[in-house]
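Taken straight from TrEMBL:
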{"type": "TRANSMEM", "residues": "12-35", "note": "transmembrane segment"}
{"type": "TRANSMEM", "residues": "55-73", "note": "transmembrane segment"}
{"type": "TRANSMEM", "residues": "85-104", "note": "transmembrane segment"}
{"type": "TRANSMEM", "residues": "124-139", "note": "transmembrane segment"}
{"type": "TRANSMEM", "residues": "146-164", "note": "transmembrane segment"}
{"type": "TRANSMEM", "residues": "184-206", "note": "transmembrane segment"}
{"type": "TRANSMEM", "residues": "213-230", "note": "transmembrane segment"}
{"type": "DOMAIN", "residues": "221-351", "note": "domain 'O-antigen ligase-related'"}
{"type": "TRANSMEM", "residues": "256-275", "note": "transmembrane segment"}
{"type": "TRANSMEM", "residues": "335-355", "note": "transmembrane segment"}
{"type": "TRANSMEM", "residues": "376-394", "note": "transmembrane segment"}
Amino acid sequence: MFGTGLGHYIPIVAYLGFWIMCLVSLGGRPLLGLYYMMPFLPYRTLRDRFLDFPLGGNVLTILVIAIIIGALIRGKHLPKSKLYLVWFVFAVYLYLSMWIGTAFGNAPAPLWLSDANFTTWKDYMLIPLIFVAASLVIEDRKAVRTIVILTAISLFLIDRSSLFESMSRTWTTFDENKRDGGPLAYGSNQTAAFLAQFGMFFWGLVQFVKRKKIKLIGYALVGITLLAAMYTFSRGGYLAVLFSIFVLGLLKDRKLLLLLGAFLLTWQAVVPTAVRERVNMTSDSSGQLEASAQERVDLWKDAQKSFASSPIVGNGFATFQFQEHVGDLKDTHNWYVKVLVETGIIGMMMALFLLQQMLAVSYRLFKQATDPLYQGLGLGLFLAICASVVANLFGDRWTYVEITGILWILVAAAVRATHFPTSEPTAESAQVDSEIAVNPYLVYR
């Protein structure tokens, strides 16, 4: 770490911090536990170093449970929202779906951690638990603002790590072998999905920031994030960003539509050569799909046959990984296809309703709030979800806590914010002489 040699101690210090925060959360300050874990949610490569210590692979789950228990002990309760019931029904259905897969002979019985399908379900369920934990402890404007700041810090750390890895290589031409797992540990495409989501979140948020210094910092973070996303060489990530910019142009700044149109006409002249080569790799000189793109098409055809065999309830959650597929792949490379194949039409309806509720909460906050912090939260979250919707067309970017953990904390903040007073006074403004006309949102500027 900066040549001091202290980097060697970061994993053990961070690991011990999780246990300390478990005690703090159970002792009456669960919000601090939520704050502490946020920067670690996407940073899988750092959390993997906890595996050298007792229960290192489970400290995140333990802290989330400690936050929930600590909040309940203090009498906290969930705000009114359909999302909690939808998640509960979806979680139960997914578990029952695994037994359907067992009945069909597609997977082992989901009984314990030694069963891969049960482990997949358990890891997925950490996401709604984080959502519940955040919903219980976020109770005021200060907490919402702190959540946004911690999201910015978490994003900057991922940006820094991604750019350092990318810039350590020469990119005069595109080379697939130079792409690596990134700080999220799952690959460049997953990192791109994360960067697209939160780059667009802050682009939406800064639309309502009035203080020039903070606005410049916000745009700088967006710029760094989009630069990092560009060097992931993820075509799905690129489309997620472009679609979200289009939505931002429709909802807030129509000038962006003109800039987007100009970019689409000139992009090959302005992007680096390696990026242009990566995008143009989708098809070869004869117009045929390149190997990886053709592999996905073949995989989707295979998935279509699997879906046809059980369209209503699917073949069982987390069963696709146990079957033989094109190129020995274990994923459909499209989350929506995966949901249809594994959980059927019923599971897809639940998943789409979950997305609809997320979009509804964020859009309602954006349109109805008068506090610029909440307006920015609503618009930014709406754009982040739009980016997620597109990114999941190119693979499973949904069931990984590294990609969507912080997103669901922001959803929890948005749900809470819809129940706050529309114009909550701040401590700073309350201290100003009452004879002077005061803008109640001056502190956010």
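Using N, Cα and C of the backbone, Cβ positions are placed for all residues, glycine too.
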Any contact, the transmembrane segment (376-394) to the transmembrane segment (184-206), with at least 3 Cβ pairs under 8 A: yes
Interface-richest range of 55-73, 85-104, 184-206, 213-230 toward the transmembrane segment (124-139), CB pairs under 8 Å: 55-73
Secondary structure composition of the domain 'O-antigen ligase-related' (221-351) [DSSP: H/G/I, E/B, coil]: 93 helix, 2 strand, 36 coil
Top Cβ-contact partner of the transmembrane segment (213-230) among 12-35, 55-73, 256-275, 335-355 (pairs under 8 Å): 256-275
Non-local residues, at least 6 beyond the ends, that sit with Cβ under 8 Å of the transmembrane segment (55-73): 15, 18-19, 21-23, 25-30, 33-34, 36-37, 40-41, 47, 49, 126, 129-130, 132-133, 136-137, 401
Interface-richest range of 12-35, 85-104, 256-275 toward the transmembrane segment (335-355), CB pairs under 8 Å: 85-104
Close approaches to the transmembrane segment (184-206) from elsewhere in its chain (Cβ under 8 angstroms; 6 or more beyond its ends): 42-45, 48, 148, 151-152, 155, 158-159, 162, 215, 218-219, 221-222, 225-226, 228-229, 232-234, 236-238, 240-241, 244-245, 248, 252, 376-377, 379-384, 386-388, 390-392, 394-395, 397, 400, 402-403, 406-407, 410
